[in-house]
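What follows is a single structure, written as structure tokens, with notes after it.
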């Protein structure tokens, strides 16, 4: 037994595996139900609404549901995604022993101590059948995996098999009238929908468990008489085949293994026993010391079993599933189905070589474990666990056919074997801790003691062995008898070359090196990679574990657990990119950035972590992330670009801090202007010596009535008269007097002394005054000098602007900097009209300068890589601003909505989005909408006579107050209110009988909805609801128009008229459809069907008296002759949907496929065709769903 997972808890009475996820449910005697992840060994959830022990639990095959039954007489159906009980089924009068979902129908079977078995419909939440017949507690009941049978076991010493075929026909299949009549009779006079087919008597005590074989007509049962019995059945009878004896106490559970020909049983004698189902002999017994076993469960698809006992449960496997294999050159040698096989990678040819001897004993885990191959001698060593360990040495002369010479050692000798030389192999003798070197005749050539207590040996190069102990491995040279290498490590299973250490939470299954020296390995769930420095990541997710044998480029060859060779194509871009970065192969990195689709937060985080933020910059479209990466990599120009697009105060502030750190005075000034941080700006002008702008800052402070700021600016400038004036205006006359006196302004001092009168302050004697003027800065109004450095490979090769850094600087300085601090923008003006202030400030200076600020060119050194053409073309008089990003390009970058891509003119990305979101393949109906959207979101202005027309993008929700740097989404010509008007027009045309016109209206709605954009979640729901409404009308109208074309097929006409009445229409239209179907069927003498439509019509209370009168007349006529002249393909009692292409009913329970856009149902044969209702999407294709609002993305 290979234990995979074990829990400690209260007594486990019920177990169930999930069919797809690595989950198991355990119901406990304490009333709690636990949900475990057995692969990770974690408790995911617990459910504890039952009062008392829960004895039965079962997962649904496909829905997120499970069912439980307990001693509180309640059956509860739970949704594990919602973490709650959905509903409770009441009806049993005693403890419930087992519950099980049907694999196909919405049924649950339950067995109870009230001596009954009940079958429930969990969709309608009703009991649909009660199976009575047992006269003691019913201990278990389960459905047959394929047929309409139920098996039950009871303490009345019998096993019963019940036929529920009639129940299936009654509740699932469309039945004819005669069968309906017989069903009505049986419902009145006691149902016979489930009958006993066989009663199996043979046990001497109460039977605890019975279960079906998954494929063969066999039943196995276990009872309190300590016996396991096998029964066979045919169409008419069932009989006992054999009895398995060995358990020492009551057998609590028994079942057939799903994949192997064995029976597993457990018992209150604290053991699990495994039996050979064909030879009917015991294979193996697993015992616990103190815990009785109560329940067994088998995984529906994997080779896993679980057993519940008194103190928890165990999940286990009976045998190893790893195939024995060895790779040599271009060939793989492996064992499958008792044969040695060879697989050539180049030709992918698989050859059967020689048979392998069967093991002598019957016990489990005796198959081949390891395989070692000697290419020079064409010999293989196959090691298995038979008799504690043995090997088989086989040689073959030709690949196609060969001879095998098996040898076997004593039981205690062997634990491992490997070829160590060209024609020698090593055998580990554990008892003496020696290695025996043998030749191909199985003769001992050499003996030698091993340096550590070894429990396994591996090949480690010619003449060397790798010896494994519990906590370390050593490389041992057989010739010189010395240790070549030593490594402290936990238990090693399989060996490759060690480069670094990586920790995995899930078991590592296999691995191999690829051509680049990257280690590719598999776990239970993933194919992963590990770089030489220890970085790792996921390449691909696996459904089932595989074992990697060889890697060629992007193809991984592996063996699965069935011994099949599988090539798996992988995308190696991510790890090759990381490896190139690691090895500093920057040319390769550049080509990959330009040519591949590398993206994602994980890749950006990796590049940041490894110190390559400048590389990450070229992956990112989001401006905020770009800004952060640009700051981190010190790329101030890129940060400036992003800050302009974001245009938020916090980002300008951070840009200013970084620019100050780099000494870029121009960008610091621009950033402080954008944040209107006047204090910092003034101090910046002070330290850069820009006194003209500092004096303007003083004027601005005066306009803003910022007295403290104005005083600071006067201090910075050393303007004494201004300081005195500010102090006087602020009412600080003594301070103003002292300032004027100290600085020699006698006329002002005398005037202020006259105002102060007796309060003139006295100046200290014998103190020499000095003028307070800041020192002049060393470097005035320029950037800090920069070192000449060569441009990095990423900046030079990948810069999307394609210009040198110097041009960027100058362009930024010339084009867009001067206008930011327009004095007219200053808020909270309190000192009168701004124009007066502007008159006081030298207005002519502003007109001469660029937007009011005399910005000097950024003082950058000449750059060797700046293109000469660009510098020559630059005029000393005028520099044309470089064009910014077109608005349409901004729309495309910011949006995932197809309508906005179409409006921008990017039809190909719009079509890709619609294909991904709605599975749309046929775009011809959308062509006019695409063109209208693009033209409608742009307006066109005439320029000069000879110049081309100027295209201007029209933005949605534009206002004059909006920032010019922030672009809104495109204005769209389609809106939801237009669709509502169109819907009303369609309804009106339908009422008037203009069906072709109505169909045109409804199809136009379906063709417009993919290109609609709404704002709120509520509107999104309304759009989705509109799709469903319109789809019903399109389908119904198409069927009605088809019916009118069929003149000479009255049966098909009636079918189509009947199906039309099952479309979800508005009430007036439903009455018209019912009236139409009633007339068609009545004229064809199908009285019973016509009467059904008449009844449905009267149930709608028609306001039109003519309709009501005709319906009553049809009913009267039908009562005299309630028969149908022709048989229709229509059963109104059984719920159905209509196939949109073939117009045939698809009844509930039958397989179907749907259109991912309009959700119309189709028969499976239509998969891959274009939907006939919406005429856009591919039926049955994968799609993420309608995206029509920014709120869905947020």
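Cβ coordinates are placed from backbone N, Cα and C, and glycine is handled just like the others.
Taken straight from TrEMBL:
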type     : residues : note
COMPBIAS : 845-862  : compositional bias 'Acidic residues'
DOMAIN   : 340-496  : domain 'COPA/B second beta-propeller'
DOMAIN   : 500-560  : domain 'COPA/B second beta-propeller'
DOMAIN   : 587-743  : domain 'COPA/B TPR'
DOMAIN   : 791-1194 : domain 'Coatomer alpha subunit C-terminal'
REGION   : 845-879  : region 'Disordered'
REPEAT   : 47-88    : repeat 'WD'
REPEAT   : 89-130   : repeat 'WD'
REPEAT   : 131-164  : repeat 'WD'
REPEAT   : 200-241  : repeat 'WD'
REPEAT   : 244-285  : repeat 'WD'
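For the repeat 'WD' (244-285), the number of residues in each DSSP class (helix H, G, I; strand E, B; coil) is 0 helix, 25 strand, 17 coil.
Here the domain 'COPA/B second beta-propeller' (500-560) returns a mean pLDDT of 81 for the predicted model. Beyond the repeat 'WD' (244-285), the same-chain residues lying 6 or more positions past its ends with a Cβ under 8 Å from any Cβ of the stretch are 1, 205, 208-214, 218, 220-224, 226-230, 291-296, 298-301, 303, 305, 307, 309, 318-319, 362-364. Helix, strand and coil counts under DSSP for the repeat 'WD' (47-88) come to 0 helix, 24 strand, 18 coil. Here the repeat 'WD' (131-164) has Cβ contacts under 8 Å with residues 94-95, 97-98, 100, 102-103, 107, 109-113, 115-119, 193-201, 203-212, 214, 219, 221, 223-224, 231, 233, 238 of the same chain, all six or more residues outside its ends. Break the repeat 'WD' (131-164) down by DSSP state and the numbers are 0 helix, 20 strand, 14 coil.
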